[in-house]
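Asker: As listed in TrEMBL for this protein:
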type	residues	note
DOMAIN	610-686	domain 'Smr'
REPEAT	177-211	repeat 'PPR'
REPEAT	212-246	repeat 'PPR'
REPEAT	247-281	repeat 'PPR'
REPEAT	282-316	repeat 'PPR'
REPEAT	317-351	repeat 'PPR'
REPEAT	352-386	repeat 'PPR'
REPEAT	387-421	repeat 'PPR'
Amino acid sequence: IDYLDESGSVIYSGKGIRSVEPGIDDHVMVGGLRKPILNISAVAKIVEVVKRWKWGPDMETQLDKLQFTPNMTHIVQALKIIEDSDALLSLFRWAKRQPWYLPNDDCYVMLFDKLNLSREFDGIQTVFEEMVSDSSVNGMSSFGAYNRVLQYLAKAEKLEVTFCCFKKIQELDCELDTKTYNSLITLFLTKGLPYKAFEIYENMVKDGCSLDASTYDMMIPSLAKSGRLDVAFKLFQEMKEKNYRPSSGIFVSLVDTMGKAGRLDTAMKVYMEMQGFGLRPSGAMFASLIESFVKAGKLDTALRLWDDMKKAGFRPNYGLYTIIVEAHAKSGKLDIAMSIFSDMEKAGFLPTPSTYSSLLEMQAASGQVDNAMKLYNSMANAGLRPGLSTYTSLLTLLAKKKLVDVAAKILLEMKSMGYSVEVNASDVLMVYIKDGSIDLALRWLRFMGSSGIRTNNFIIRQLFESSMKNGLYESAKPLLETYVNAAARVDLILYTSILAHLVRCQDEVNERHLMSILSSTNHKAHAFLCGLFTGPEQRKQPVLTFVREFFQGIDYELEEGAAKYFVNVLLNYLVLMGQINRARCVWKVAYENKLFPKAIVFDQHIAWSLDVRNLSVGAALIAVVHTLHRFRKRMLYYGVVPRRIKLVTGPTLRIVIAQTLSSMESPFEVSKVVLRAPGDSVLEWFKKPIVQQFLLNEIPSRSEILMHKLNTLFPSSAPEIRSLSPPKPLLPGRGM
């Protein structure tokens, strides 16, 4: 040993005991004494070298020259003191290359703790991979280190890295603690991946890891919000059994989701339990419950919760007011709805157009004109634009109440708002028509015309028919002209209905109006009717040929019902006008065109029959005379005599047919619905000259007598309805 002075000169030289080999000996020599190196000294020396050299070959060279052999305890303690992440990793990797290195869970835990503090998550991932390698080679137990890695990565929201590390740890069959599982669940929930969180939760249960309060606080709301209500409620019950106190968030989520799912009993049960735990429901919970009960239609319960909410000091919000007002309005509880609506206005909330509309429409539906108009005016004053349904309800109400002027004012305001008003105006017109208020309907139509509002041809036709029904022929003609000028087609049914009015008319002035209306139809049937009453010189053809030409122009596939109706009414008219021969021609051609194919039946020699149940009175009389004439011809000229002959009249036409035939002393017996006679008796009857004259020429009855019979058979209201809306097929004997 050389002792030197300050200038470097040797003061004294002496022999030592033995030099100490660095890295081999675990002691130092103090004079001749061997002294063991203290752990604190060793750690301090290691820390000193690392802090001075940081990293690289120089640091490793200095560590190799340590005058003692380090162990894992020294390394772990040094890692606790060193703060620099690069220095930490350099020391760790130097230690791994030493022969005395042993993989140590504490070492990894300390390393991960320090790297986490330095936010060195790439370093954590690298060390984790090295740790996995050490575990597979040396079978090291790294329970603490694995949990730390997942906790730190999850907290740092390193989603993909965390999940990858979790899968690797699962492959190593390493256990994880509750805190780690909670960290993973939190991560996936934060990232909006609830189903991955549920997967972690299922792994947690599968591994037998116990759930703590934090787990329940996370899982129950998440499961509930994702729709897995049964699992959430089961965990809620389990949590209480373990004496964990549910948080307010758990109660809120369960009440909200159970209510929205329609499980209202469970929602109320949880709500009551929350109060039992001494927790105060929030305004949001009240709002959610009330909304759920309102949507389920349980308004009484919703109203009780509404009162509880206000007693608890919470102020209902705008949306809640709107929901509860509209629900009560739509359910018909207008008093409650209007009361809450008033509170809403006092609270400073401006109701939505939807709220106004629901109230106004229900007031209109219940016939409350004053209340409906107050709401409408309030809505207008608030600067809100009523919706189409609101205007429709209000106009319908005003129409039903016959407030024409008010309805006109509202319609014009609606038009000024930019709405198309033709449909609404037409709807009001239809209300008056259906109500039979024809004067009001005509007044409304004049208003529409002056305001430039058009209606459709269907409604014009309806009003025309109603005017005809009420005998307002002067008003009806302009309506028909409007209908025709709008390129609408007057069909055979409409023409026939006008002709039916003419048949029943007994006033000369009205007859002239009706003839003018018939002329305004421009229908080919009117030209035909006029032609029937002219002579053959003007027609330039026989009447039978003329009738056949007209009926050949009818499309029977489309107009068969209308043609039957026309024949019935036309025959009534011709009979009343005394035009029997013309009437017989019309019946003959109608039968030829199979309009009444089942009217006449020849059953060989057994029975011949005529069925007139589907005919009008005039048509039935003509059919009876014409058909009996045919029967007479067959029996007298061809010698064919059936066993019996039947005239099926039905109860309505039985009287008029029987009276007509009884004047000729006919052999027909009258029953409830049929006139029948043996064929031989009818044959003898046919041989009488008076019967021949009767069947060949005219019906022996004056028109006024027949008209009296018509009015007796068909009260005034019935034929009007039948004429305006002819049934298809015609009812028995009711073809006026």
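Glycine residues also receive a Cβ, built from the backbone N, Cα and C atoms like all the rest.
Note that this is a predicted model, so its numbers are computed, not measured.
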Asker: With a Cβ cut-off under 8 Å, give me the same-chain residues at least six positions beyond the ends of the repeat 'PPR' (387-421) that come close to it.
Answerer: 353-354, 356-357, 360-361, 364-365, 367, 369, 372-373, 376, 379-380, 427-428, 431-432, 435, 437, 440, 443-444, 447, 451, 453
Asker: I need to check the long-range neighbours of the repeat 'PPR' (317-351): which residues 6 or more away from its ends have a CB within less than 8 Å of a CB in the stretch?
Answerer: 283, 287, 290-291, 294-295, 297, 299, 302-303, 306, 358-359, 361-363, 366, 368, 371, 382
Asker: What does the DSSP secondary structure composition of the repeat 'PPR' (212-246) look like, as residue counts for helix, strand and coil?
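Answerer: Split into helix, strand and coil, the repeat 'PPR' (212-246) gives 26 helix, 0 strand, 9 coil.
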